[in-house]
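Visitor: The feature compositional bias 'Basic and acidic residues' is assigned by TrEMBL to 1-11. Annotated compositional bias 'Low complexity' per TrEMBL: 17-29, in sequence order. The annotation domain 'Amino acid permease N-terminal' is assigned in TrEMBL to 39-101. Under the heading domain 'Amino acid permease/ SLC12A', TrEMBL lists 131-637. Annotation comment: TrEMBL describes 647-790, 812-1020 as domain 'SLC12A transporter C-terminal'. Taken from TrEMBL, the feature region 'Disordered' covers 1-40, 92-112. Annotated transmembrane segment per TrEMBL: 132-153, 159-188, 209-229, 249-267, 279-298, 329-351, 363-387, 445-468, 501-521, 527-545, 557-580, in sequence order.
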Amino acid sequence: MENDAYDRIGDEPPNYEETSFSGGTTSNGNGTGNGEHRAVRPSVVSAFGHDTLDRVPNIDFYRNAGSVSGNRAVRPSLQELHDVFQKNGRISVTNTVEDREGSDGTPSDDVESVIPLDNKDGTVRFGWIKGVLVRCMLNIWGVMLFIRLSWVFGQAGWGLGIVVIALSCVVTTVTGLSMSAICTNGVVRGGGAYYLISRSLGPEFGGSIGLIFAFANAVAVAMYVVGFAETVVDLLKENNAIMIDELNDIRIIGCISVVLLLGISVAGMEWEAKAQIGLLIILLVAIVNVFVGTGIPASTDKKSKGFFNYDAKIFMENLPPDFRDGETFFSVFAIFFPAATGILAGANISGDLKDPQDALPKGTLLAILITGVTYLGVALCVSATVVRDATGNINDTIATGMDMFCNGTNTAACEQGWNFSSCDVSSCKFGSMNNFQVMTMVSGFGPLITAGTFSATLSSALASLVSAPKVFQALCKDNIYTALKFFAKGHGKNNEPIRGYVLTFIIAVAFIIIADLNVIAPIISNFFLASYALINFSCFHASYAKSPGWRPAYRYYNMWLSLFGAVLCCGVMFVINWWAALLTYAIEIFLYVYVTVKKPNVNWGSSTQAVTFVSAVNNALSLTGVEDHVKNFRPQCMVLTGAPKNRPALLDLAHCFTKNYGLCLTYVNAGMEKNQMWLNKKKRKAFYAAVACDSFRQGTENLMQASGLGRLKPNILMMGFKKDWRTADTAGVQSYVGVLHDAFDFEYGTVVLRMNQGLDISHIIKAQGEYTHTHAYTHTHTHQCIKQKQSEYFRLVASSVTTPQSPQVVVVNERLVSTSTQFQRKQGKGTIDVWWMFDDGGLTLLLPYILTTRKKFKDCKMRIFIAGQPGRVEQDRHEMKSLLEKFRIKYADIHVIDDITQNPNSNSWKMFEDMIEPFRLHEGSKSTTLAEALRKDNPWKISDAELDTFEEKTNLQVRLNELLQENSRAANLIIVSMPIARLGSVSDHLYMAWLDILTKNLPPTMLIRGNHKSVLTFYS
């Protein structure tokens, strides 16, 4: 006689409870249950003139709950609108304002807020000119403008020089267009390139590029400051004022400069903006000074150095390229291109802009236009006034009238009366090809060019010093890299990243002191280009996904142009420096893999998700046009678990079948989000479905008919054995057996798992929840409970339930919990015994074979048991061996059972008779009238005629159990062909008795019946 407590552990599929479909659970603003309390208040007369729960459209309903720190409006859920009148006859509505913890009731600076907030706290916000245009122009105008631009046009000629500038502007313009589209597709917060990329492509791309972009800006501070320091040291050298030596003077001046710039930055964005305006004025004056200087008549000294006023012959002489010293078009382009970067200077402080959506496109694109025209104008002016080579000797003149003999490479200078022919033989120090100070010579007032150089370097350094901490702070706030959370904290009214400033300062000083900036420079340029490439790709990707959420207000973009821009940026990276490009890719891939493995808990609705969805739909559609083939068969399980955590053993075994390559759909009855989170936490890759229905059978029938999409639909129904069928009501048994009949009717493969201790641990989980709630008054006590031994813990859990439990029940619960995790552990050396009694298409053989390919079962060997006829055991074994070899399925042994037709012993038969006794009619011992009455009143009971009809099949189940006890008692897992009951011929209780007696008192046992379509083949 079995333990009563043992029988009370139900293994039947879950009973239906009131679900979220009927409003039985609380719900949030999206209508999904999360246990959140919502206050209820009477409705008010709306704009429609009558009492209604419906609300007119309001921006507060669309705020992102994950980023709101103040009040958020919550619209009534569909369930509330649908059934509110059925509750109490009066209209009520949930409170439409959600008060989050820590809220002070004031509007928040929210990502979704498109209404400018009142600037009561003095927070500084910039418009498009001061915040974007000025910063971008200052960052793009660099020392290249005054020092190397003339050399670039000297090498390439103004013909190819225009191509160099145009190509650079194409890269930056296309990137600017892509950025404009992205930043107008929703409200933009702080973080610049990192924010744009991460919200478009996801945290993997954003997290990888954000870190290297912030680092690139930090090192760029050192680069620009060193450029400034070198110019100062040159002035000191000219005036014999060197302090120690040139190298250490650069370090000293560089460190002092960084300290001053840091002081300006820490003082606040307002001071930094004022400094930028001052530097811009100096830079503009210096640029105007160049144009003015080209119109001032050249002195004899300037002419000897190659500068003449505007001359058409000089201009045409400078048209073709004259590459020297191994330079090529691409090498010259690589030197110039860093001068065109800096277009993200405005985006990097997007959190400090009044309206980033309006300011970024307007300011960035206008800055690209102005700086591009400036570069081109200055370069063409120099090309029209300065020759490539000059001696600098005022005596190298030609007598009047001798210009008729001018020829060679210096014809224009010769016609101006100067003989620079010696430059063809030996190198000269002057001219656009040789003198980097051409701009100083051409300008009207030389010191202004030096001031312009100072302004260009310091403004770029200041912009980078502000950009790096801002981007880094945004990255840390998102907690992509948990170790960097320390740098997320802001200070002051503008939430200044003081910690980020200090870190940027340390990095800059380190590279000023110890780094070889000639090596670092190309890496930094490649880091910036990688950011540009991903911005372009983000725009292309979002457009390609065709997601309804991609609705940029900026319309002047093209997805293919963005893709071209991304490819162009990648190509330019290799043009600038191939090894730096490879290093950039390697770092980015490493960070991408790291973030992917860490799986940050964020969901920003990236285009990657949209494209994944589109690809999945397209692939599913393509599969519908291809017929199923036996070689491609995969087990795709519909697992009736109830809440997945209630029957973990069933889910674990299904996961072993499907792993990452099949479809596993768990059937849940309520709490979709909670169950989904549990499955994700347990790393069970499964789909989750819930149905609203009146009965278990109806719900399962609905799932079997409607689950899946095209070819991606379940082909195996997997459920637990109904262990309490003898004590359950008749309707429950009929419902359970009905599900099996439905599975056969719908041609599903069917798997029933039985474990002696049972499968359902829901009562233990419930007790555990009550115990945790009861003992949660101190953190210490709860922490200590978790650390206790499992047996002691479950004794405490059992004792915490309101109904007193016996020690015997506690022991059973302990065994049940241990058994429930059996398939989560690696199985020891043993066997999987496969009793392949009936040919069902091969599913009974395929599923255990799949188990042997998993790590948890790799030490288990398959033993095959088949029914055979007396006298031909060896022949049957040989035939099965030949079949298994053709199927290429490894096995340890083949056993032929030739005495399967013997009658079971009396003890076994007595056990079966006791099992069915409560459900028999015994009409044979009654009169005909009484027998008919009994059959009419109890049509579900087992009749004597039925037992006689199926006597042989009943004997087979009892006999099989004896053979299983004899041969497979020590197996890790037993697989047995499931007997089938003819619909309408075999009563439900007799069928349950067959399944019960067949699997009784055995190790974990699976009853399997395929749909009699081949799932194995030996053809290639």
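Just so it is clear, glycine is given a Cβ too, placed from its N, Cα and C backbone atoms.
The model shown is predicted, which means the values in this text are computed figures rather than measured ones.
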Visitor: Considering only Cβ pairs within less than 8 angstroms, which of the stretches 209-229, 279-298, 329-351 has the most against the transmembrane segment (132-153)?
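Guide: Of the candidates 209-229, 279-298, 329-351, 329-351 scores highest.
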Visitor: Given the transmembrane segment (279-298), which of the listed stretches 209-229, 249-267, 329-351, 363-387, 527-545 has the most Cβ pairs that are under 8 Å apart from it?
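Guide: Counting Cβ pairs under 8 Å, the winner is 363-387.
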Visitor: For the transmembrane segment (445-468), could you work out the same-chain residues 6 or more beyond its ends whose Cβ comes under 8 Å from its Cβ atoms?
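Guide: For the transmembrane segment (445-468), the sequence-distant neighbours (Cβ-Cβ under 8 Å, at least 6 residues beyond its ends) are 135, 138-139, 141-143, 145-147, 192, 214-215, 217-218, 220-221, 224-225, 227-228, 231-232, 235, 257-258, 261-262, 264-265, 269, 272, 275-276, 279-280, 282-283, 285-287, 289-290, 293, 342, 344-345, 348-349, 439, 500-501, 504-505, 508.
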Visitor: Counting Cβ pairs closer than 8 Å, which of 209-229, 329-351, 363-387, 557-580 has the most of them with the transmembrane segment (159-188)?
Guide: 329-351
Visitor: Would you say the transmembrane segment (557-580) and the transmembrane segment (209-229) are in contact under the rule of three or more C-beta pairs closer than 8 Å, pairs 6 or more apart in sequence?
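Guide: Output no: the transmembrane segment (209-229) is apart from the transmembrane segment (557-580).
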Visitor: Would you report the average pLDDT that the model assigns to the domain 'SLC12A transporter C-terminal' (812-1020)?
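Guide: Looking only at the domain 'SLC12A transporter C-terminal' (812-1020), pLDDT averages out to 88.
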Visitor: Give the nonlocal contacts of the transmembrane segment (329-351) in its own chain as ranges (CB under 8 Å, at least six residues past its ends).
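Guide: The answer is 126, 131-133, 135-136, 138-140, 142, 144-145, 148-149, 152, 155-156, 160, 163-165, 167-169, 171-172, 175-176, 179, 183, 188-193, 195-196, 217, 269, 321, 323, 359-360, 363-364, 367-368, 371-372, 375, 460, 463, 466-467, 470-471, 474, 495, 521-522, 525, 528-529, 531-532, 572, 575-577.
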Visitor: Within the same chain, where does the transmembrane segment (557-580) have neighbours whose Cβ lies under 8 angstroms from its own Cβ atoms, ignoring anything closer than 6 residues to its ends? I mean 6 or more beyond.
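Guide: Non-local partners: 170-171, 174-175, 177-178, 180-181, 330, 333-334, 337-338, 522-523, 525-526, 529-530, 532-534, 536-537, 539-540, 543-544.
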